[in-house]
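Step one of this worksheet: look at the structure below.
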Amino acid sequence: MSFPLYAPAEEHHLLRETVRALADEKIAPHAAEADETEEFSWDVYKALVAADLHAVHVPEQYGGAGADALATVIVIEEVARACASTSLIPAVNKLGTVPLLLSASEELKSRYLAPVARGEAMFSYALSEPEAGSDAAAMKTRAVADGDAYVLNGTKMWITNAGISEYYTVMAVTDPSAGARGISAFVVEKSDEGVSFGPKEKKLGIKGSPTRQVILDDVRIPANRMIGDPGTGFKTALATLDHTRVTIAAQALGIAQGALDYAIGYVKERKQFGRPVADFQGLQFMIADMAMKLEAARQLTYHAAAKSERAMNGEPQKDLTFLSSAAKCAASDAAMEITTDAVQLLGGYGYTKDFPVERMMRDAKITQIYEGTNQIQRMVMARQLLK
Ligand code: CAA
C-alpha cells in the first residue's frame with residue numbers, strides 16, 4: 001500500500017497559523033517600506049530570529065529548530081505572503097547551508113551551522129558569475145592550493161543577501177583541465193581579507209533583499225574550509241538546488257497567495273454598476289482559475305518537499321531532480337499569472353503603489369529567473385525524462 005508522501009501533519013497546520021500571525025503583525029507592515037527604500041530591515045530579521053523562523057531547517061544537533069522540508073516550505077510560504085524580500089532570509093539561509101549539510105565535514109558543520117541557528121550570522125550561496133549564469137560550470141573563479149591554504153580570485157554575481165551574510169558557500173575552479181569535475185566548494189567568510197562587495201543591484205522587485213557581487217581578491221583561506229572533496233563542488237551545488245528549488249516554489253506560492261487574498265477582499269468591496277464587482281461572472285472565473293493554479297502548484301511543491309526530506313535523511317529519491325524543477329517552474333509560472341491577474345482585478349488601483357499587488361507582481365517575476373531560469377528547469381526535467 002502506498003501512502004501520500006505530502007500530507008501535512010497537524011503540526012504543519014499549527015506552524016502555518018503561527019507564522020501567518022507573526023507575518024501579519026511584524027512583517028507585512030514593513031513590506032511596502034522595504035520595497036520603497038530598498039533597505040534590508042534588521043528589525044524584521046530580529047523578529048524572525050526571536051520566533052526562531054530565520055533558518056528553521058538547521059538540524060537540532062547544530063542548535064537549529066530541526067524543521068523538515070515541508071515545514072520549511074510552509075514558513076517560507078507564509079513569510080512570502082506578507083513580504084517576498086523577507087522570505088529570502090529563511091530561503092537563502094537554507095540555500096547557503098545545504099551544501100554543508102550534504103557534503104561538509106562534521107567540523108565545518110558544527111562551526112558554521114550553529115551561528116546561523118542562533119541568528120548571529122546569515123549564509124549566502126555564490127555560484128553564478130557575470131559570464132556564467134545558466135551555464136554555471138563555465139565559472140572562472142579560481143581557487144589555487146598553496147600549502148595548507150587555498151587562494152581564491154574571481155567575481156561572483158547575483159548573490160542574494162551579499163554584504164549582510166557573514167558566510168558564503170563559494171564554488172571555484174581548482175582544476176581547470178577537468179571541467180565541471182574540477183570545481184570545488186568552499187566556505188568564505190565576509191571578514192576574510194580580500195572579500196568585498198559590489199554595489200546593490202537596482203532590481204524590479206525583492207528590493208528589501210540586497211543582491212550584490214562578491215569580489216574575491218587573493219582571499220587566502222585554510223584548506224579545511226573546502227566542503228567535501230576536491231572536484232565535488234559542482235555536484236554539491238546542483239544537489240543543493242534539488243532541495244532549494246522547492247523553497248523558491250514555496251516563495252512563489254506565498255507571493256501568489258498574498259495577491260489572491262488581497263484581490264478577493266477587494267472585489268467583494270469594490271462596487272461598479274451598483275453592485276460588488278465580485279458579482280460578475282467574468283471576475284469569478286478569473287478568481288477560480290487563480291486559486292486552481294495555486295492549489296495545483298502547492299500540491300506539487302509539497303510532494304517535492306516530502307521527497308526532499310526523505311533524500312536529506314539518507315533515502316535517495318530518484319525523481320527529486322525532476323520534481324524540484326517541476327515545482328519551481330509550475331509555482332513561479334503560476335505566481336506570475338496570479339499576481340498579474342490580481343493587478344487586473346484591482347484595475348487602475350492595482351497599477352499604483354497605494355495597493356500591494358503591483359509589488360507582488362514585480363516580486364513574483366524573479367521566481368521565474370533565479371535558482372535556474374524556467375527554461376533551465378524545463379531542460380532539467382526533459383533530461384530526467386529522456387535519459
Ligand atoms: N545532483 C547531483 N549531481 C548532478 C545533478 C544533480 N541534480 N545534475 C547533474 N549532476 C552532475 C552530473 O552527473 C555531472 O557529473 P559527472 O560528470 O560526474 O557525471 C555534473 O554534475 C555536470 O552535470 P551536467 O553535465 O548535466 O552539467 P551541465 O554543465 O550540462 O549543467 C545545468 C547542468 C542543469 C544546466 C546546470 O548548470 C544548471 O542548473 N544551471 C542553472 C544554474 C542555476 O540554477 N543557478 C542558480 C544560481 S543560485 C541563485 O539563483 C540563488 C539566489 O541567489 C537566490
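Quick reminder: no glycine exception, Cβ is built from N, Cα and C everywhere.
The domain 'Acyl-CoA dehydrogenase/oxidase N-terminal' feature in TrEMBL is assigned to 10-120.
What TrEMBL records for 125-219 is domain 'Acyl-CoA oxidase/dehydrogenase middle'. Mean pLDDT, taken over the domain 'Acyl-CoA oxidase/dehydrogenase middle' (125-219), works out to 98 on the 0 to 100 scale.
Residues annotated as domain 'Acyl-CoA dehydrogenase/oxidase C-terminal' in TrEMBL: 231-386.
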Counts by DSSP class (helix H/G/I, strand E/B, coil) across the domain 'Acyl-CoA oxidase/dehydrogenase middle' (125-219): 10 helix, 47 strand, 38 coil
